[in-house]
């Protein structure tokens, strides 16, 4: 495996552009993913460069092949088991990892919160991980309010040990990695209809619009985070999530016009 295929993340430059996904893999002249070094391989959700966003859909899981075709007679197999008793009445919140909760780098960082060894093709690389400000209080409270699911387009060999260290409270009831994404038109998309939950009671928190292009009405967008230790985004979002935790249908809130939209 090329070491550039383990972590899915976006750069600061991509974060400033319109609808840029994590680790854009699409070339104007080729459908093949282009190599972008170690980070792209470990950390990778990509964005569409062509056309309008896909419409939201609901119902049975949409299993999309790489060529965009929907296979016929595909048996329904959901990504999540049935909710535990303590979560049966809670909304399910899908939470992204890279640039949402943490930022990771292969370059040494003096103030890294975690250093994760990742083996790629027989070589161990050190991944330096910074925690986003307020992530601890955020995860603790979210775990109390919701059925939380970590869903990342990065590979488990990197993301799983990060989650072990990050989630001190067991907020994440499940963890989903790149193999659970739908690879569609050059993008890793998180298809919420495959979770096995009522979409009226599903939220996704992600810094990449490409990740939730199938279900934009379920999204709570969050700004990409890299290293600004004065960032308050997660802290500022908690009151909104407190409100959402009490509704019967998330669309009753998320489909309303939002300030600045």
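Just so you know, glycine gets a Cβ as well, placed from its N, Cα and C.
Per Swiss-Prot, active site, 4-aspartylphosphate intermediate is recorded for 96. When secondary structure is read from DSSP and collapsed to three states, residue 96 (active site, 4-aspartylphosphate intermediate) falls in the coil class.
The active site, proton donor annotation in Swiss-Prot covers 98 and rests on similarity to another entry. A simple way to gauge crowding: the CB of residue 98 (active site, proton donor) has 31 other CB atoms within 10 angstroms, across all the protein chains here.
Taken from Swiss-Prot, the feature compositional bias 'Polar residues' covers 1-10.
Annotation source Swiss-Prot lists compositional bias 'Basic and acidic residues' at 11-25.
The domain 'FCP1 homology' annotation in Swiss-Prot covers 86-244.
Sequence annotations record features per position, and here Swiss-Prot assigns region 'Disordered' to 1-33.
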Return the count of C-beta atoms lying within 10 angstroms of the C-beta of residue 96 (active site, 4-aspartylphosphate intermediate), excluding that atom itself. 25
